[in-house]
Amino acid sequence: MTGSDGESHSSQRRNPDALIRRAGVRGDPDHDQHFLVDDRVLDRIPDYLPEGTDTGHILEVGGGPGALTDRLLAVADRVTVVERDPTFAAFLEREFHEEVEAGKLTVVEGDALDVELPEFTACVANLPYGVSSEITFRLLPKKRPMVLMFQKEFADRMVADPETAEYGRLSVSTQHYADAELVEPVPPTAFSPAPAVDSAIVRLTPRDPDYDVDDEAFFLDFVKAIFTQRRKTVRNGIRNTAHISGLADPDAVVDAAPEELLRKRAGKVTPKEFAELAALAADYRGGGDG
Ligand SMILES: C[S@@+](CC[C@H](N)C(=O)[O-])C[C@H]1O[C@@H](n2cnc3c(N)ncnc32)[C@H](O)[C@@H]1O
């Protein structure tokens, strides 16, 4: 089912344009509804899951008219799709009634930021871009393999390495949970209606980071604080952002930190170095006993 040949491709799966016609409603850009209509992209998406992924129960966020749902049903034992729009949730129930009756598909009508998520073994989705960050950071701590479509500019920042223009808080916080790879750029023409921006598919393979953090929430707040001052040295970043990181005694952190790190700007600090600094800083938190 790869279909990367480019020409004379004919998908064995449901036709995305026909699904939109049967749903009887077009995607509304004001509700993050840009539906994938390129069969070749749709057919490739499940193949991007890391090798050996348990496809026992795939979660999809934002099913729309179901073209991706259909591809996921072909590879998974079970699929749960969360869809906020009642019209599309009802359409998915109708269109896939056989799979729903067989217990293979569960349609949850609701907001992916609020609903109780089921236990899932992997997640594959063409995300609503307006809430892609919130949804992704709800999912990443679950440590499951994921293949997600994002706005390309956002994807570039997720996968960025230190010392690149795109490297920032989003890169460090994403890569804290998973290896992040941009596996395919996707042009606006692959969607209906076409979004104004380019898109990209990102593979997220969960793994432990190559550093230890005792307090994940503090580490992530500390990284966020330092990147608000990305043009400043880490020394000044620590001093200027105590209100964000919650440090009671930023000068004490500066005194304790290695000079070599203090002289760098945030964009050159690796995740491991951030963890080192956060471990030092954790001793000087507000209300702490350091
Ligand atoms: C970009 S479309 C993708 C639709 C379909 N999976 C596809 O690939 O063509 C995003 C879908 O997410 C739904 N959606 C938007 N915000 C949502 C939210 N907060 N929770 C769940 N679904 C949401 C939209 O109604 C829309 O169907």
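Glycine is treated like the rest: Cβ placed from N, Cα and C.
These numbers come from a predicted model, not from an experiment.
TrEMBL lists His34, Leu36, Gly62, Glu83, Asn126 as binding S-adenosyl-L-methionine, and of Asp111, Asp156, Asp161 the one it places in that same site is Asp111. Between the farthest pair of Cα atoms in the S-adenosyl-L-methionine binding residues (His34, Leu36, Gly62, Glu83, Asp111, Asn126), the distance is 20 Å. Following the DSSP three-state reduction, the secondary structure of Gly62 (S-adenosyl-L-methionine binding site) is coil. In the structure shown, across all protein chains, Glu83 is the one of the binding-site residues Glu83, Asp111 with the greatest number of other Cβ atoms within 10 Å.
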